[in-house]
Structure formats: structure tokens, C-alpha cells
Amino acid sequence: LCRKNSNCLAVQEVWGYQPCLWKRVLVGGGAVCSGGLLLLLLYWLPEWGVKGTCTHTSLRDAHTLLLRTTDEFKQWFRAKVHVMSAPGKKPFDSLDLQSTTRRPNVGGDHGISAVHEEHHGKSRQPFQIHYFTHHSTKYYWNDMIQNYEFYKRLFFGENEIAVKVPSLFKLLIKEVLNPFYIFQLFSVILWSAEDYYYYATAIVFMSVISIATSLYTIKKQYVMLHDMVAAHSVVHVSVCRGNIEQAMSTDLVPGDVIIIPANGMVMPCDAVLVHGTCIVNESMLTGESVPVTKTSLPSSGEEAARSFNMEEHKRHTLFCGTHVIQTRFYAGELVEAVVVRTGFSTEKGQLVRSILHPKPTDFKLYHDAYLFLLCLVGVAGIGFIYTIILSIMNKVPAKTIIIESLDIITITVPPALPAAMTAGIVYAQRRLRRVGIYCISPQRINMCGQLNLVCFDKTGTLTEDGLDLWGVQTAEGGRFSPPEADAAIESLVNTVFVAGMATCHSLTKIEGVLSGDPLDLKMFSATGWILEEPTEEETALHNPIMPTVVRPPKHSVPEANQNNPLTHNMACEIGIVRQFPFSSTLQRMSVVIRRLGEKHMHAYLKGAPEVVASLCKPHTVPQSFTETLETYTRQGFRVIALAHRQLESKLSWHKVQSLSRDLIETNMEFLGLIIMQNKIKEETAGVLLELRQANIRTLMVTGDNLLTAISVARDCGMVRAHERVIIADAAPPKDFHPASITWHYTENPEQLLHLFYTGSISVGLCCNSLSLHLGALQLVLRGTVFARMAPDQKTQLVEVLQSIDYTVGMCGDGANDCGALKRAHSGISLSELEASVASPFTSTTSNISCVPNLIREGRAALITSFCVFKFMALYSIIQYLSVTLLYSILSNLGDFQFLFIDIAIILIIAFTMSLNPAWKELVWHRPPSSLISGRLLCSVLTQILTCLVFQVLAFLLVRQQSWYETWTPQSDACNVSSSSLSHSWNVTSPHDHKNIKNYENTTLFYVSSFQYLAVAIIFSKGKPFRQPSYKNWPFMLSCISLYTFVLLIMLYPVPAIDSFLEIVCVPHDWRVTLVIIVIVNAAVSFMLEVRDITPCKPSEANDRWGSSFLSWLFCRRNKLPRVRYMHLALELQGDADWPPRPSTVTYASDLQSHIAVPL
């Protein structure tokens, strides 16, 4: 079993195989006997192809590998093992195993190392190395290991994300080998053998258009992706290899040291900063265009001792494809970065790989559709056997038996089904684009129709992006001073507190404009201070010089404050010596500053109040800290704390650069609070109310303070005024102390309805054994606000919710929500970009009003898929019934009758019935997610039985008419009296050897034509998920036109049309009878469908017609819910310990028990 790693798209199992001669001979013989169908089957099923032609062997000796993903999709892949020559006897000897990912062998003692490389050199002493390529990644067999330095280029290859655009011929071959087109080819050959050239030509024409459209779309996507990747993939870089030299970016390998130029660059690889600071735009990866500050990797301290980890050291890593806008450097020093990943291993490479090889869409509708098609194949098999037996009994020639028995299969499985199913999604995507929602994964639109839980980020999503400074509250002598609304007043402007506001940020000037985090911008502008970044020439005048300088306003310090040391020391320019950027994990940032001319330095710390207070000297934190903080957070303010520390005078600039932040961020002096006001967006409350009324659960997932989040939740209606809350404060395991959850109340513990979660404990850890831990169940099933959540914890929460069968949506700003946006069933990013790789959906509207729009369109698209599928299934069955009845008299439908039904009726109706727009409101219940459900099966089966009854009725009635006879060219049923007296035997007319023209054929053609139209109207559902069908004018116009046409040619026959459609003349009385039959048929079908669309409830089972068996089969009493979250909720209903008492629940390290300690 392979284990997951950062360079692998999925966990996979691997088996080795060697070619087997006798198996290949057998397969070759089978391929000849089956006309090549066996080869197609082995092509579609790679595991059969490998096992059918090879024998199992060890991985070391394998020539072919069989890979299978271990996720829910269980995908199989086939890979050929190649051999390359490498210099030396043991080319992997000094390979750093920590830099590669070792994959355990399945059934052996050796492994495969995942390293991305290509062969670019000539071997001196050739050594055979086995490797295979899978999803743009090469995997090498590490049986022997030698010198790593010699073989960097050999194994890592070119640093290039090469998206090869396949030729049209290759795309064409891959497209036409699709089972659908193979089936169409089989159908065309069969129809041509029956001389059905017109219909065969029509199918070929549609297939050519479909293939051409598909090839154009696929080719266009490949070209777009290739151009996007290749735009900045090959550039010149400066590399330190002994001396600084210019090299092509394609020559870079892990370990190279590159120099980042002062004017910036687009990164050609993933590299970690070792010297200097960079300002980076990472919008390509995150969708967030706010510049990010990247600092150099710590060179000392506890953090420097740890091994490099891409996740832990993101703030020091420059990712491939991101734009370095600006660098910060010091006199005589260069900004350097070490290459850590190249090619498809990079963050951008993995992103491109995920686009090239996407994960299959896991949706029950598509799985059920295949099952339903298998049922149709089973029905076709019955017809196949019936046709053979009937034809043998009637001594039909063997050729006719073969053709007609195979023809029944092509009738039962509709060839136009995939195109018709896709139409609804294409229309929905077009409507979404009109409202500013762009989609890069159209198949997920149907998933949006099943969303029953949506997670929202808070800042920038539920609330406004910009924060306004409400005020500041300084602390002196362990007590808070009264709050001040303006930080720029004369009494504060030159204090340590305001100096901290002016320096503790990551702002920078880009082309003369101050830019950075919106919170930092607001905070800095409130001080009135000035920020300047010296030029390169100015840096030579000082040793050392600060990269950024801030100074107070030019007005003088008030005389009253001249003797105040706190104000006096801060009156001059301040240089920012070093920055420790904000970390969402640590929930803080800090800077080291020095007033120009002073010997000692100062440190400022800014972050979450609780975190900052814990790092301060206890006597400097006011006793009323907790109460004051709670007062502000209850009102919905965002509160940030500020702290200060004077560093030892012996610390030099060089020593500060090597200090870890843990040594600086300690023993701080608490300075006070910065209170920011974050207003809720106007649309937020209305949208959340709409989702609540639609029975869609809403969660807030934020990195902010819990009480602030609760206040916002109350203000926006996520928690209503009369509802009470419980707070679950979680703590992770630390220093041999197990994880714990502390339950407490914000108000009266009666009528507790909402659960709020805070803490840094991993949600995944809490919920890995949901059945064991009641606390974890309560968090997931009853939580409303999840606060202080790091980005990876948001992703874990989404995964846990999905594991208990929620269909999860995630709405965020695309920055720190990327993981959750990608992991959710439906992630929607609020971004001004038209398309963002951060999530499947991107909305150009900067508020959450896009969420109900997306759900509405998803529901409409899902219902459309059901309607089209049911219609196409009924179309096949209706035609199957007609043909089967006609086969009993050795007849069939005519070529032009097939053509009229399949082209004029089916295709027009199937493509226009998908045009219904979404209904304007979100209703309480969701559309069904499965085709294999009681309601849908009841609907389909009752319509099949109805069509069968009326076709058999018409078939039998026509044979009972007084004028009925075996039709001949001389028959004239329209003139019954004359036909009963004599026949004009002298009339010479060619006899229909296929027996198409007869009364049964004409009768069934008329009845079935009306049945197609009737089921189309009945299945084209409107409210509550789509607009009514009468508003879909193309569909209504098509139906009315076709109804009118068929009715006219039935009541008032036109000889030319009758001749074209091979219809025979029948008496007018029989035509009227047929009108009555089709009207009754339509009325019965309509009534049955109206009864069937109501939910199947056990209490109504006995009141509904003949449904006792179906109610037992599909709606059994006391049936447990299928979805896991409902099943778990029912278990928790009987929990005597809910709501929990104020207590601390400690979870043992073995996750098998917990202890509750009362508070």
C-alpha cells in the first residue's frame, strides 16, 4: 500500500505483472472471434487488460504495473515500466531519503521513491534503473543508492511544467473509443444493413457534430492551460553555483540557490527564502490579490532546528507562479532562496496536475444512471431473446433474425441520452454566468442542488472587507484608560502605543502606493504617521540601514509631553529592523524596531488578545482584561491587543536577524487594545434567513474571536435573539495532558439551542471516532460557530461533515479558505476574477447572495437531469413496446417513422425541456438525489404500464375492427363499402417485403407519437425547483407544433406525408377512436404522475391506489435514516446528558474514554 505524500495526487496500491505468452494468444483469438470487441473491453477496463495478458510477479521484476486508488472511486491505472541507464553502480547512494517519499512495496521488501525527473545525460558506467510515469510524475525504483550530487539533473530533470497539447488525431481516437460512440457505430452498421440509411445518416451527422464540438472544447482547454503555464515558465535566473551565473529556469534543480532581483520576478519554482524579505502577490494560487510578506527562514532557535516542512514554513516559501513584486535587502547583501521543488512537484505543478487529472465527480445520480442503463440493457436482452424465438417459430431467414434481434438493443438504449443529459448543465452554466458566477467544474452544478449545509467565512464574506477603527484603549499601571476614538490626537500620537500601531504591520509601498492587509492599512492610517522606504542609494549611507522607516506627523510634540520618556523616545524616526509575519496558526505577528540613533531596540507584538495577554508579564495585564474584552466582543467588535518590550542593548542588528520569534515574543508589556468595527454586509441577513427557511444548515467558520463571532452570528440572524448558546472551549493535547473540551454558558442555560466551538484542537482528532465521543458528535452535529479556526482546521471540519453524509458548501474570500473551498462539494469564492483555481465556483459579486442563486440553479439542473433521464428512458421503452408488438406480426416501424420520432420529436423535446430557468424561491425540501428511489421508480413504472396498456389496447382493437384485413397494396380501408365488395387486382404496386405498411403499424405509430409528447409534458416538472413549463416558450412551442402536426395528419391525412411516413389509410371512425385513446392515455398518465410526485409516507400508503407492495418496498415503517448525520442525531436525542452541565471533559490519549470534571 502506497502512502500519501505531497507529490502524489492520491493514495494508491501497486501490483507488478509480466507478459504471459499463452494469455496473449488466448486474448488475440478472442479478439478475432469477437470482431475486436474484446480489445475494446480490455481498453475500457485496464485491470482486466493487465490480468488477462500478464501474470503476477514482484515489483522488482515487473514489466507492467497495475495501480488502484484507495479512495471511494477505486480507479484503476496501467503503467509501463521503463529502463534508463545511469552512471555509476549505485546511483542513489547519497540520496537524501527525507527529500523523497518512500513508498512501501506491495508484496516485497523494496519501495518506490517519488522523485520527479528526466534523463538528460550520458552514462559513464551504465546502471539499469527502472521507473514508470503516472499523471506527469516519474517514480524510480530505489533498489541501489549512490552519489546524489552527480545525478541531480538526471533524476530531477528539467524544471518545466510541460502541458503537452495532444494532436487532433490522438484526441479523435480517444474520443471515438468511448463506449457511447462505439455503441453508436454498432447501431449505424446495423441500421445500414437494414437499409435504414436516412436514420443512420442522421445519427452519423449528430455524432460528427458532437465529436467535433467535444474535440474543439478539449483542444481549446489544453491550449489555454498550455498558454497559461508556459507564459512565465522559462526565464533567466541568477544562480549561485560557486559564482553567480545566469542560467535558464529549466536548469534549476532542488538545492540550487537563486537570487531574487530587486524589481521582482515570477517564480519559476518553489523556493524557500534564506536571506532577505519579499513582497509577493499570490493571487494565482489563492485568488487573494493582497500582497503577502515573505521572510527568510529562521537560522537559529527552536524553529531553525526543525526540518523544513512546506505547510509549517509557508510564510518563508516563494511558490511557483506567484509574482514577487518587491524585495527587501540590506547593504551588500542579496535576497537568496533555495530551490526546494521543481516542475510538477511545485504548488503550481500540482495545481496543473489536478486540472489535467481531476478527481471523478462523486454523485449518486451518475452512479444510478449507469445502473438504470444496465436495467434497460436487461430489458433489451429479454426483447433480444423474444425476437429470436419468435423469428425461429415463424421460420424467418437467419440474416433477418440476427439484424432484428440486434436492432431491439439499439432501440432500448437511447443513443442521444448523454447529449440530452449534458444540455441541462450547459444551460445552467450559461445562466450562472449571467449572474456573475463562473464555474470550472460544470458537473458540480448538480451537486449544488443537494447542498444541505453551507459554511461561511466571517471577515470579507458575512461582513465587510474593510475594518473601521472604532477606538483604542491603552493600559497603564495594570489598568485601562478610558477609550479614545482617535489614535491621532496629540496626547497619543507620539506614545509607545501609537508607535506600535505604526510599526507592527506588514505594509509596503508598491509604486508609491501603500498596500497590504486591509486591517493593517486602517490601523496605520489611523495613526497619522508616515511610512517611507529608502532607495538603494540611501542604504549605502548607513550601516546597517532599516528597510522601512516610519515617522510621526510633522507637527511638534506638545510641551506637556516633552519630559515624558514614553513620548520623548518615540518622537523621532523609527526603523523596522525585522518582521515576523502574521501566522494564522500562532494568531499573532511581531516586529523588532529601532529609533535611529539609539543603541537598544524594541519589540512590538500584535494579535489575538488572549494570545498576546498570555505572552505578557502578568502585572502589566489589567485585572479587568477579560471583562473589557468580553464587553467589546459581545458588541461584535474585532479586538486586537498590542504589547511592547525593550530588548537588551547588547543585541546587534545581525543577532536580531538570527533570533527566533519565540525568544522575542516573551515577557512583553501589555499596552492596550485596538478596537475595530466590522460591519455586516447588507445582503447577509436576508440570505441566511432564506437558507434557514430552505432547511439548509449554516455554519460560521472563522479565525476570529469567539465572542465577536457570536455577536456577528446574532446580528446576521444565524442565531436568533431568543436562542441561547453553549460554548465548547477545546484544548489540544500538550505536555502529556490529554485533549479536553470545556463546556460553559454565556447566558441562562435553559432552552439551549446553539453550540459554539473555540480552541485550537484539531477537529479531525476530535471526530476520528465519532461513535466513541459524544462531545465530538455534539460539536459536529450541533455547532453553529467555529471560531479560532486555522486554515487546515477549516478543511478538516469540511471533511468531517462530509464523512457523516452532509453535502457541504463553502463560501469564502479565497485566501485562507483555499483548502476548504476545494474540499467542499461546492466551494464558491468571492473574487473579482472571472475564474479562480481556488474553488469550483467564483462569484464576481462580493457578497453571499450568490449562494442561493447557485443552489437554485443546482436544484433546477438536478431536476432537469431527472426529467430528461426519465423522458429518454420512457422514449426507449415506448419504442421498444411498439417494435415488440409489431415483431409479433413480423412487422416493424418504417425508416422515416424512426426518423420522425427520433429527430422531430425526441431530440427537439429533450433539448428544449432543459431550458426551464430555476424557481425564484428556495423551498424547504431538496430534490431527490437518486434515480433508484421509491418515488421515481413508481413514476417510471406506472408510466411504462400505462403506455403498455394503451398500446396493447390499440393493437388489439384495430384487429377487431370490421374493416380489418391483412393489408396489401390493393387494400382501401378508407372506403369500407367498396373494399368489402371487390379488390382491384389489376392495380400493380410493389409489395412491401418488410411489411411496414399495415394497420397495426399505423395505429401504434399514432398512439406512440402522442405518448412521447404526453410523457415529455408530464415529466417536465416546474415548481418548486424550476419555472413552470409554460414559461419555457421553446418547449411549449415545440410541443404545440408537434401535437398539432400529428393530430392533423391523423384526422386529415395528407397523401404525400402518408407516403413519406409509410402510413396506410384507415377509416375516419377509427381515427376518432384513436383520438379518444390518446386523450384518455394522457389523462391517466397525468393523474398517475400527480399522485406519484407527492412524498411516499407510510401513513398514506393504504390510501393510495395499489401501493401496498411499493410502500413496503420503498417506504417501510420505522426505517432508519440512510444519511449518517440523521442517524447520529436520533441517537443523541435520547442522551440524558444534553444539554451538558458546565464541566471539562478530558479525552484519554487512546481515544477510548473520557472523564468529566465539574466546573
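Each Cβ is built from the backbone N, Cα and C atoms, and glycine gets one as well.
Quick look at what TrEMBL lists:
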- 13-142: domain 'P5B-type ATPase N-terminal' (DOMAIN)
- 25-45: transmembrane segment (TRANSMEM)
- 197-218: transmembrane segment (TRANSMEM)
- 239-355: domain 'P-type ATPase A' (DOMAIN)
- 369-393: transmembrane segment (TRANSMEM)
- 408-428: transmembrane segment (TRANSMEM)
- 866-890: transmembrane segment (TRANSMEM)
- 896-915: transmembrane segment (TRANSMEM)
- 936-958: transmembrane segment (TRANSMEM)
- 1003-1020: transmembrane segment (TRANSMEM)
- 1032-1052: transmembrane segment (TRANSMEM)
- 1072-1090: transmembrane segment (TRANSMEM)
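Counting C-beta pairs under 8 angstroms (sequence separation of 6 or more), the transmembrane segment (896-915) reaches the transmembrane segment (866-890) with 3 or more such pairs.
Mean per-residue pLDDT, taken over the domain 'P5B-type ATPase N-terminal' (13-142), amounts to 69.
Residue counts for the domain 'P-type ATPase A' (239-355) under DSSP, split into helix (H, G, I), strand (E, B) and coil, are 27 helix, 42 strand, 48 coil. Sequence-distant residue pairs (6 or more apart) of the transmembrane segment (1003-1020) and the transmembrane segment (866-890) include at least 3 whose Cβ atoms are under 8 Å, placing the two stretches in contact. Tertiary proximity for the transmembrane segment (1032-1052) is limited to same-chain residues at least six positions away from its ends with a CB under 8 Å from its CB atoms, namely 904-905, 908-909, 912-913, 915-917, 1006, 1009-1010, 1013, 1016-1017, 1020, 1058, 1061, 1063, 1068, 1071-1072, 1074-1075. Counting C-beta pairs under 8 angstroms (sequence separation of 6 or more), the transmembrane segment (866-890) fails to reach the transmembrane segment (197-218), with fewer than 3 such pairs. Between the transmembrane segment (197-218) and the stretches 25-45, 369-393, 408-428, Cβ pairs under 8 Å are most numerous for 408-428. Residues 400-401, 404-406, 408-409, 411-413, 417, 421, 869, 873, 876-877, 880, 883-884, 887-888, 931-932 of the same chain lie 6 or more positions beyond the ends of the transmembrane segment (369-393) yet place their CB under 8 Å from a CB of it. Panel annotation: around the transmembrane segment (408-428), residues 180, 183-184, 186-187, 190-191, 203, 206, 210, 369, 373, 376-377, 379-381, 383-384, 387, 442-443, 445-446, 857-858, 860-861, 864-865, 868-869, 872-873, 875-877, 879-880, 883-884, 887, 902, 906-907, 910-911, 914-915, 918 of the same chain, lying at least six beyond its termini, place a Cβ under 8 Å from a Cβ of the stretch.
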